[in-house]
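Enquirer: Found this in Swiss-Prot, in case it helps:
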TRANSMEM  25-45  transmembrane segment
TRANSMEM  65-85  transmembrane segment
TRANSMEM  89-109  transmembrane segment
TRANSMEM  124-144  transmembrane segment
TRANSMEM  155-175  transmembrane segment
TRANSMEM  181-201  transmembrane segment
TRANSMEM  206-226  transmembrane segment
TRANSMEM  228-248  transmembrane segment
TRANSMEM  305-325  transmembrane segment
TRANSMEM  330-350  transmembrane segment
TRANSMEM  370-390  transmembrane segment
TRANSMEM  393-413  transmembrane segment
Amino acid sequence: MNKPVLDIQDRPTVGQWITLSLQHLFAMFGATILVPYLVGLDPSIALLTSGLGTLAFLLITKWQVPAYLGSSFAYIAPIIAAKTAGGPGAAMIGSFLAGLVYGVVALIIKKAGYRWVMKLLPPVVVGPVIIVIGLGLAGTAVGMAMNGPDGKYSLLHFSVALVTLAATIVCSVLARGMLSLIPVLVGIVVGYLYALAVGLVDLSKVAAAKWFEWPDFLIPFADYPVRVTWEIVMLMVPVAIVTLSEHIGHQLVLSKVVGRDLIQKPGLHRSILGDGTATMISALLGGPPKTTYGENIGVLAITRVYSVYVLAGAAVIAIAFGFVGKITALISSIPTPVMGGVSILLFGIIASSGLRMLIDSRVDFGQTRNLVIASVILVIGIGGAVLKISDSFQITGMALSAIVGVLLNLILPGRPQAAENLFEENQSDHVA
């Protein structure tokens with residue numbers, strides 16, 4: 001490992017602080033605003049809560065884990081379903097419960113260790129569920145890319161999506177250095193400029209917006225009644241269980257980048273609690289659930305600047321951006337096909353990352369056990385199976401596939417042993 005330019009506890013100069021913090025802001029910006037755009041939440045609150053959530057995460061992890069938290073893609077479909085079932089308030093209640101699950105898991109890990117998590121959620125379960133999450137959103141991405149405001153096919157709109165997609169792909173594959181970490185942002189900018197040129201952008205709201213504007217917060221009890229239903233629980237909680245594996249994966253990669261076992265110190269329980277707390281803070285203000293971002297881990301790896309103060313600086317800037325009305329209006333003016341073009345690649349990458357998890361973990365599909373578990377998860381999840389227990393309680397698609405996968409893994413014989421030490425195992429194996 002190369003010597004860090006700034007280690008975890010090193011303070012940068014003022015000039016370094018601003019420049020390096022902006023790099024992290026740009027790395028997370030595109031994905032963080034895309035999620036609220038897709039689910040109908042306020043992008044300014046997503047930015048603000050990403051900053052607040054990151055600061056809470058850094059505090060809970062004793063300023064020892066250099067990570068940035070942005071909007072989680074895993075919750076897109078559940079949030080849309082929850083909003084359909086009970087409005088935005090129901091989605092926020094579900095998000096808060098998801099964060100609460102993280103808190104409970106963190107407490108159990110502190111008392112009993114983390115091996116039980118690996119037994120419950122091995123790659124043969126998590127990989128196919130991640131594939132389901134990505135492919136389950138494929139129709140949404142294509143619809144956004146192809147259709148006009150009237151819901152009918154539009155070649156003009158599709159051309160905007162294709163230009164956006166092409167720019168994102170070129171940046172992802174050919175760009176080097178910092179530019180390679182912001183393909184989503186580059187794609188959105190290029191697509192936006194093309195949409196502006198062909199007349200699909202209305203800048204009147206940007207011109208009319210104030211520079212300082214209070215975000216449209218969504219506060220429990222004040223803006224919506226707090227009512228927990230089984231339907232909301234079963235929409236959101238299974239996703240939280242699955243995204244635990246994503247969190248652990250990010251901590252392993254981050255440990256490898258900074259050359260320290262973050263699983264042991266400050267401890268996996270602290271990082272999970274930090275992630276859950278960030279999600280709960282976001283839910284209380286009307287933002288989407290949070291997760292640590294691989295893009296920002298990439299920034300750490302390229303710059304070799306691991307300072308938590310740089311991440312905190314990015315968080316403060318994100319909070320400030322949440323109150324800039326012009327930025328919110330500019331985000332809102334992005335045409336749907338621009339986001340559709342980006343989403344085609346992003347949702348495909350989510351699905352492919354599930355496949356990559358299976359490959360990296362060397363899951364043997366020559367074993368009937370693994371083949372059965374993965375096959376059932378994929379068909380139930382992508383097929384949209386629904387277990388309707390009553391008129392007010394049903395378990396749908398992705399959540400049902402995750403639950404079935406966990407149960408099959410526990411019931412079927414031949415379950416492999418979980419690793420004793422995740423960090424040591426992944427020092428010799430390739431993890432990304």
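Note: Cβ is positioned from N, Cα and C throughout, glycine not excepted.
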Enquirer: Hey, which of 65-85, 124-144, 228-248 has the most Cβ-Cβ pairs under 8 Å against the transmembrane segment (370-390)?
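Expert: The stretch I would name here is 124-144.
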Enquirer: What stretch in 124-144, 155-175, 330-350 has the biggest tally of Cβ pairs under 8 Å against the transmembrane segment (25-45)?
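Expert: Looking at each of 124-144, 155-175, 330-350 in turn, the most contacts to the transmembrane segment (25-45) are made by 330-350.
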Enquirer: With contact taken as 3 or more Cβ pairs under 8 angstroms (pairs 6 or more apart in sequence), are the transmembrane segment (65-85) and the transmembrane segment (181-201) in contact?
Expert: no
Enquirer: Rank 89-109, 155-175, 393-413 by Cβ pairs under 8 Å to the transmembrane segment (181-201) and hand me the top one.
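Expert: Answer, by Cβ pair count: 155-175.
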Enquirer: When each of 155-175, 330-350, 393-413 is checked against the transmembrane segment (228-248) for Cβ pairs under 8 Å, which one has the most?
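Expert: Answer is 393-413, with the largest number of Cβ pairs below 8 Å.
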Enquirer: What same-chain residues lie close to the transmembrane segment (393-413): Cβ under 8 Å, and 6 or more beyond its ends?
Expert: 77-78, 81, 120-122, 124-125, 128-129, 132-133, 136, 229-231, 234-235, 237-239, 241-242, 369, 372-373, 376-378, 380-387
